[in-house]
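Visitor: Summarising the annotation, TrEMBL assigns compositional bias 'Low complexity' to 83-119, 132-147. Here TrEMBL flags 13-77 as domain 'HMA'. The region 'Disordered' feature in TrEMBL is assigned to 76-172. The feature transmembrane segment is assigned by TrEMBL to 186-204, 210-227, 247-268, 288-308, 466-488, 494-521, 876-893, 899-917.
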Amino acid sequence: MSTTSQEPGEQLRTVNLSIGGMTCASCVARVEKKLNKLDGVSASVNLATESARITAPSTVSVDDLLATVARAGYTGAPLGTTSPDEPAASEASPAGEPTSTTSAASAASASGPSAPGSTEGRRSAKGTGGRATLSMAAPSAAAGRQATHSSTAGTGDASPRSASGRGAPSLGASHMERAADLRLRLIYCLILSVPIMAISMVPALQMPGWQWTVALMALPVAVWGAWPFHKAAFRALRHGAFTMDTLVSLGVIAATGWSLWALVLGGAGHIGMRMSMELLPRSQGHAAHMYFESAAWVTTFLLAGRYAEARAKYRSGDALRALLELGAKEVTRVVLTSASGSRDTIDVLNEDGTPRAETTRTEERISIEDLAAGDLFLVRPGEKVAADGVVVEGRSAVDASLLTGESVPTEVEAGQAVTGATVNTSGALLVRATAVGEGTTLARIGRMVTAAQAGKAPVQRLADRISGVFVPIVLVLSAATLAGWLLTGHSPQAAFTAAVAVLVIACPCALGLATPTALLVGSGRAAQLGVVIKGPEVLESTRALDTMVMDKTGTVTQGRMSLEVEACREVSGADSMLSQAPDSAGSGEVGAGASGQADALASLAPLGEEALRLAGAVESASEHPVAVAITATARERLGDLPAPTDFSNHEGRGVSATVEGRRVAVGRPGWLADEMGVEVPEAVRSAVEEAQDSGATAVVLAVGNAVGETASAEADTDAAADGASDARQVQPLEAVAVLVVRDTVRPSSRAAVTALRELGIRPVLLTGDNTRAAEHVAAQVGIDAADVRAEVLPADKRDVVADLQAQGAVVGMVGDGVNDAAALAQAGTQGLGFAMGSGADVAIEAADITLVRTDLDAAVAAVRVSRATLRIIRQNLFWAFAYNVAAIPLAAAGLLNPMIAGAAMAASSVIVVTNSLRLRRAG
């Protein structure tokens, strides 16, 4: 890390670079060290993805970073630049995705004056960069050419990766290109190395002059076959560095050079010379022993290891590539034209964003890259939704199983948000794009996953520090081994054999790959399961996690409440306040599961239209799930509702407002009685309690007299204007109705709670709802009553988490709302915050893990995958350390032939990568 402090107000940005030429952890350590020496720069280099994620001040340009990489001896290319303070330009909504229908629709309509599908609109959206930038691999030439048309600041030849999946095939392309080259070299080397080995080890095959034939076959292997190692070693040497390739190159050159010397000058070239098979070094009575077979097979084994490693690295990114390839490649854009020939938004769209009836429609099939925010596009049955947007026409069900793992299609209709890459299963939908390219949910998930892959777990930093000095130490050990054997009177052949074995067997590669490959596979697997892990530091926390706090509404339950029972009590003088005549439309339907409170409400009359209208009106200004359920029912039965004025939200207790001159309040009976001065009759309290006992939520409607009936007749006109604001004082409120809403428990919640217990995690239910309803839900999913925290105000959720932490618990918090953000952040201080992907952006930003799939079992999958990834990382690091600790002394003691040492070294890297691939089945 750079020690230079950041200037106050100086803006930081994140730059992603692809790094070419890295082969081991020593390379990683060198690049990081060089970059971190720049003022204000913090860099994290990833060997598995061959990329660097750099946080730098605006005073450090991308060219400065690339020059620093070049000075370290490696190649670099920009992949993307982002600023934490700048929203994605390809998004039509300020939050980055259509989190609510209203905000998405309004933001889309505000994207510009141009009509949907117009050229001006497309230029506006595309001119600021409309593609997702993902730092997984070196950019291809084609991608580099495309990037010249993008105006992403500071990216130079940045390689854009389309969130639609168009750029996804290039992810990991560098691994495949390298694998193809290594495969070619491996085949030729294998063809030559087999006869070299056979002739060198089997005396019966050693015809006169055989050693010269072996030399002719071995030289192409040692030079052309090992050229990638020689080239990388020379490049590092030019910059004063020693890497893994230095050890390999020196070992091959030493073995080949010694053998040539022995052949030409050491007497091994005489006709009739014989060699026998020796897997372990031993004296054969002459000093001029040749090691052509060792040089050939060390090269072949290492090429095989590098080839397997490149293939495994590519496979480790399969999950992320599959995710990014989910997006549509083409889309049907709809261009609207008014009767007068205008395409302006004001002429072709109604105020609610729907197309005007008199407009004509033109459909055109375009590439996904040409779709801009604000465009209208058609999604036919069976097609993928091309981008995040809002349905403006049509009704259907969308299947998000490929993206989130959610198995049940979700019904959508006009006004509701849809996510790109989901599949339309039935009816046709006309959608307005609110986020395209890098602004889509799919691209956002991709960025979060790759950011997590680019990070380092704390345990890996120790390995990196060791790797930084590993190669020089091995060179010293090799020289000391050679000197030690010679000084103790052993033959030069034995000393040489031991020294070369030390060079060849040492392997910092395994150290460098231990964490990145596990993170690459683990984060990709998590994404397949609908889980996005923000960084490797999160993995450490899952190991110690012992308590999971779950918000009830929207997490344990569906979060979609419905008004189940409504009734009015008999109130003296009620006719002067409400129209009590029952209406067939508002006759108080009793839904499924409401039988428990039907008897309790028997003494109350059905809710009349006027009471439902007033309750719906005052609740229309609130976003609480209970308010949404009441308002939706009122609008469905009665149509448009009056607008409330003087609205007050009494957090966690109720709401109040003035509706058409009446003061109206809806909330808990205790709040109405204690703070609003409402007398709540026993019959109403009993009805509320019985509803709560059944797991439902009950609120009471209280209404005051009309202002005109209580205001003084002698008040002058000016004073009358203040009547509404004084309504609270002049209007006594009276409890007139009980409204019962019910939320259903998610089918997966009980199994998820059971799975948490099996993982050693104690589930705790947290809710602002009443204790009876909370305990009822807890009993349904298997949470102990002692672990229920009910009637908790939103502002106090953080304190509940903090209290549990003070008791010594390592707490995970699962939530989805704005009022969960503080609790999620608090959980993250000593544990983990899990945010439902369907929730508010602020909650997602505050969380450590995002659950794209809105099921509680996604949290279980997150813990399982995280713990499995951490376990694999520890296994990899143990193997890498243990291998080097055991192998180097064996080689120095002369117990390993260089050929066997080379095979062992190649196998060590392959073992680490293969072990990481086991995570593809985790969760």
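For all residues, glycine too, the Cβ spot is worked out from N, Cα and C.
Heads up, TrEMBL stuff is auto-annotated, nobody curated it.
Describe the structural surroundings of these features, if you would.
Guide: For the transmembrane segment (247-268), the list of distant contacts is 211-212, 215, 218-219, 222, 226, 229-230, 232-234, 286-292, 294-295, 298-299, 302, 471, 474-475, 496, 499-500, 503-504, 506, 898, 902: same-chain residues at least six beyond its ends, Cβ to Cβ under 8 Å.
Same-chain neighbours of the transmembrane segment (288-308): 23, 178-179, 182-183, 185-186, 189-190, 192-193, 196-197, 200-201, 211, 214-215, 217-218, 221-222, 225-226, 228-229, 248, 251-252, 255-256, 258-259, 262-263, 266-268, 275, 493, 497, 500, 504, 897-899, 901-903, 905-907, 909-910, 913-914, counting only residues six or more beyond its ends whose CB sits under 8 Å from a CB of the stretch.
Same-chain neighbours of the transmembrane segment (876-893): 459-460, 463, 474, 477, 481, 484, 498, 501-502, 504-508, 510-511, 513-515, 517-518, 901, 904-905, 908, 911-912, 915-916, counting only residues six or more beyond its ends whose CB sits under 8 Å from a CB of the stretch.
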Visitor: So which residues does the transmembrane segment (466-488) touch in its own chain, when a touch means Cβ under 8 Å and the partner is 6 or more beyond its ends?
Guide: 24-26, 28-30, 33, 242-244, 246-247, 250, 494-496, 498-500, 502-503, 506, 508, 511-512, 888, 891-892, 894
Visitor: Report the DSSP secondary-structure composition of the domain 'HMA' (13-77) as helix, strand and coil residue counts.
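Guide: The counts are 22 helix, 23 strand, 20 coil.
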